[in-house]
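Here Swiss-Prot flags 1-81 as region 'Disordered'. Swiss-Prot lists 231-450 with the feature domain 'RrmJ-type SAM-dependent 2'-O-MTase'. Residues or ranges marked as S-adenosyl-L-methionine binding site by Swiss-Prot: N234, C277, A278, G279, P280, G281, G282, F283, D335, V336. Annotation comment: Swiss-Prot describes K239, D364 as active site, evidence class similarity to another entry. The active site, proton acceptor feature in Swiss-Prot is assigned to K404.
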Amino acid sequence: MKRKSDSEQQPSVQCRKKKRIEELGLNLSSTSDDDTQYSNHGTQESSTSSTSSDSDNEEKRPVFGSGRNETLPDTLAEGSSSHYSMYNSVSQKLMAKMGFREGEGLGKFGQGRKEIVETSKQKGRRGLGMVLKGFEKELNINWRSEPEATAYEEVDWFPECTTDIPDSDELSDWMIVGKRKLIIDDETEFCRDNLLTSLLQCKSAFDELEGEEMRRARTRSNPYEMIRGVFFLNRAAMKMANIDHVFDYMFTNPKDSQGKPKLKDKESELLYFADVCAGPGGFSEYVLWRKKWHAKGFGMTLKGPNDFKLEDFYAAPSELFEPYYGEGGVDGDGDVTRPENITAFRNFILDNTDHKGVHFMMADGGFSVEGQENIQEILSKQLLLCQFLVGLHVIRTGGHFICKTFDLFTPFSVGLIYLLYCCFERVCLFKPLTSRPANSERYVVCRGLKEGIDDVRNYLFNVNRRLNHLRNSDQDVTLVVPLEVLRGDKQFNEYMVRSNESCCEVQIKALAKIHAFVQDSTLSESRQADIRRECLKLWGVPDQARVAPTNTDARTKFFQLIQSQNIEVFGYKPTPLTAKTLEKLIHVFDYRCMVCGSEPKFLLGLGRSQIYTWGGRSNERWTRLDLKTELPRDTLLSVEIVHELKGEGKAQRKISAIHVLDVLFLNGTDVRTQHFTQRIQLAEKFVRAVAKPSRPDMNPIRVKEVYRLEDIEKIFLRLDMKHIKSSGGYLRLSYTGRDDRHFVPCGLYIVKTINEPWSMAYSKSQKRKYFYNSKTKNSQFELPVESIAPFHTCYYERLFWEWGEGVQIHDSQRRDPDSDKLSKDAVLQFIQAHHPCMPSSLTEDR
């Protein structure tokens with residue numbers, strides 16, 4: 001029997017081995033170390049076949065090794081045309097030595113993986129192999145064409161409204177009720193269809209994306225992201241800082257039509273503002289940081305986890321902010337959609353702003369619309385209306401308004417903007433660079449509330465009532481201004497369309513940019529740190545970290561404030577007013593006087609309810625004030641704790657109040673060198689700022705009523721004999737203050753406000769007071785700076801007229817003939833003798 005040759009036998013063996021491998025079901029995408037070594041042998045045979053078809057196939061792939069067809073092109077050779085040519089020559093040679101040919105795997109039978117192992121596409125914490133459908137594809141939007149990031153912004157105002165404010169007759173037919181609508185796709189009246197469609201598609205692309213992955217990409221892609229909140233409570237504070245600067249500080253430093261500031265820190269008027277739907281309070285923290293105790297804020301927001309967090313105001317004195325939650329006051333719910341809350345909030349503000357209203361109102365309302373982001377505008381329509389409505393209720397004529405909005409595609413939203421456009425002198429839709437470009441957030445900024453807006457306010461009030469009535473039905477208010485009116489005002493309509501489309505384009509590019517940053521984690525914005533520095537410098541905000549205020553004991557803080565001043569002056573007792581010392585009052589115009597109710601002491605505020613008192617002597621300790629009140633940190637006052645009374649008999653009520661005699665530091669501001677009259681004026685301003693009329697449980701703070709010595713008779717007119725509960729039924733001398741509360745006086749403080757050698761006199765020819773220098777014989781009408789008596793001079797040279805037993809102050813009292821104490825008549829006679837004839841209506845402050 002003839003034996004087969006080796007060449008005939010070997011192919012059949014190889015075929016059997018290959019068949020065996022396939023029967024075992026081996027994974028052909030990988031090879032074992034042994035297989036690799038075996039396939040790399042130089043004696044490896046090619047798998048060519050004698051058939052023509054096999055030969056044709058063989059010619060289409062590269063062959064490596066001594067046993068392969070050497071005439072075939074080497075597609076891994078350097079410079080050859082192949083998608084493997086991207087690899088360097090070393091890699092190609094290594095693969096060639098292992099016998100690799102394009103289109104075939106490694107291994108003896110080419111059973112190895114044929115494709116290159118792809119780089120990992122794992123994204124964040126996604127599950128292995130997870131692919132988000134619809135997100136991996138390209139958006140085909142050129143986001144790289146966005147303008148270069150800059151700290152400078154421009155304001156584009158609506159054209160000035162030339163039509164009259166609509167009246168009640170015209171408004172009566174404007175509200176339209178229709179079927180409730182929960183889609184936004186067809187709202188193309190104020191935006192091109194293709195832009196709206198692209199925007200919604202871009203938003204929808206993120207529906208399946210994990211929130212954390214989205215946030216990381218957003219953080220890397222936004223050139224302004226590093227601005228964050230700086231040292232404030234949150235990012236909202238920096239948005240307000242951004243907007244305030246861009247609009248020339250019209251909120252924190254309002255100006256008149258000539259560009260002059262309406263308010264000055266040295267004057268008595270406060271800057272009143274309201275913060276609505278704005279918990280935890282970032283907007284207010286910024287305003288109070290900028291203005292300190294020269295501003296007073298009122299706030300209303302929904303109670304709950306997003307309430308005002310005043311304890312977290314690290315940068316500003318939260319004691320100057322008073323939350324009020326509508327009906328029920330501090331016990332209300334703060335729901336801005338309830339008409340009762342709107343009315344109560346309005347009344348509260350008018351009662352505490354001399355019935356004028358606030359200088360400006362901020363509103364930053366919003367709520368979670370997770371899963372329904374595309375119709376956020378529709379879901380928040382009533383919130384937007386109510387914020388506008390509260391603004392028209394509480395802002396004074398000439399005041400300003402700022403409110404957050406979202407998309408403004410629906411005629412309902414645009415109608416609300418139109419009503420503001422009619423009610424304010426100028427209106428602007430503005431997106432600050434601190435607002436992330438990928439969201440639909442914008443702010444409507446309104447300057448100068450006009451007179452005669454009552455009909456619009458009442459109309460919106462009725463619209464809100466209707467919305468509440470339709471809340472659980474399939475009906476809704478679809479229009480507040482007819483479409484023909486919105487279309488008819490061409491300037492308004494063109495601005496509205498231009499603003500919407502511009503915001504759409506910015507948002508689409510920003511979303512596409514985030515999409516790209518999600519897909520490529522190596523992308524980042526390189527100028528974030530530089531942009532942050534530029535913006536903070538431009539806005540006047542220090543580049544500092546947020547740090548909680550340090551706690552300091554009262555004694556240490558006191559010495560930090562007064563620094564090198566002699567502490568002995570705080571222990572000086574007033575000079576008793578007697579027949580001998582009465583001659584000190586010869587220059588009557590130099591003195592002011594106040595009714596005393598108890599022993600004076602110094603009061604130091606360390607923030608919130610941390611308040612301490614001290615008697616003034618070096619051997620005394622600072623003790624915690626046992627009263628319920630709040631003061632900003634770094635506040636040092638000269639005060640009395642007085643038991644005030646209201647009513648008489650059994651219904652008489654007593655409350656302990658803080659009466660301010662003089663001020664040294666107000667929230668860190670040193671006022672000791674100011675004129676006494678100026679210090680008292682600033683004290684009254686400060687007390688109005690920290691007052692909490694909504695908190696009857698707190699002990700009040702009041703400033704003593706100050707009288708000129710020549711007007712001392714006005715004090716006696718406010719003295720009366722009253723029944724005091726603790727006096728055993730006897731009548732006691734009582735002094736009634738401005739708020740109809742009375743207390744038992746113990747004497748009169750007389751304070752010298754002019755430094756020697758200066759004194760005040762009266763010119764009969766000019767019929768006005770003037771200042772006279774006894775050394776230089778110089779006289780002038782303007783107040784000489786060197787004549788101002790600072791705090792320590794006033795405190796050291798003050799006199800005290802005691803109203804004790806035997807002193808006749810009231811006509812019903814009896815004078816002790818053996819007493820050497822001064823009576824009312826004796827003091828009045830002295831003052832009248834040294835008081836030049838002067839019109840009683842003359843009321844100079846100094």
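Positions of Cβ are set from backbone N, Cα and C atoms, glycine also.
Sequence features, as recorded in Swiss-Prot, placed on the structure.
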residue: N234; record: S-adenosyl-L-methionine binding site; DSSP class: coil
residue: K239; record: active site; DSSP class: helix
residue: A278; record: S-adenosyl-L-methionine binding site; DSSP class: coil
residue: D335; record: S-adenosyl-L-methionine binding site; DSSP class: coil
residue: D364; record: active site; DSSP class: coil
residue: K404; record: active site, proton acceptor; DSSP class: strand
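The local packing around K239 (active site), expressed as other Cβ atoms within 10 Å of its Cβ over all shown chains, amounts to 24. Other Cβ atoms within 10 Å of the Cβ of D364 (active site) number 22 in total over all chains. It is 5 Å from the Cα atom of K404 (active site, proton acceptor) to that of D364 (active site). Residue pairs drawn from N234, C277, A278, G279, P280, G281, G282, F283, D335, V336, the listed S-adenosyl-L-methionine binders, are separated by up to 23 Å at the Cα level.
Candidate recorded positions: K239, A278, G282. Nearest to D364 (active site) by Cα distance: A278. A 10 Å radius around the C-alpha of K239 (active site) takes in these binding-site residues out of A278, P280, G282, D335, in sequence order: G282. The Cβ of A278 (S-adenosyl-L-methionine binding site) lies under 8 Å from the Cβ of A236, S284, G299, T301, F308, M362, A363, D364, G365, each of these being in the same chain and 6 or more residues away along the sequence. In sequence order, L233, N234, N306, D307, F308, K309, D312 are the residues near P280 (S-adenosyl-L-methionine binding site), counting only same-chain partners six or more apart with C-beta under 8 A. Within its own chain, G282 (S-adenosyl-L-methionine binding site) has G229, F232, L233, N234, R235, A236, A237, M238, K239, M240, D364 as residues 6 or more apart in sequence whose C-beta sits under 8 angstroms from its own. Here D335 (S-adenosyl-L-methionine binding site) comes close to L302, G326, N341: these same-chain residues lie at least six apart in sequence, with C-beta atoms under 8 angstroms from its C-beta.
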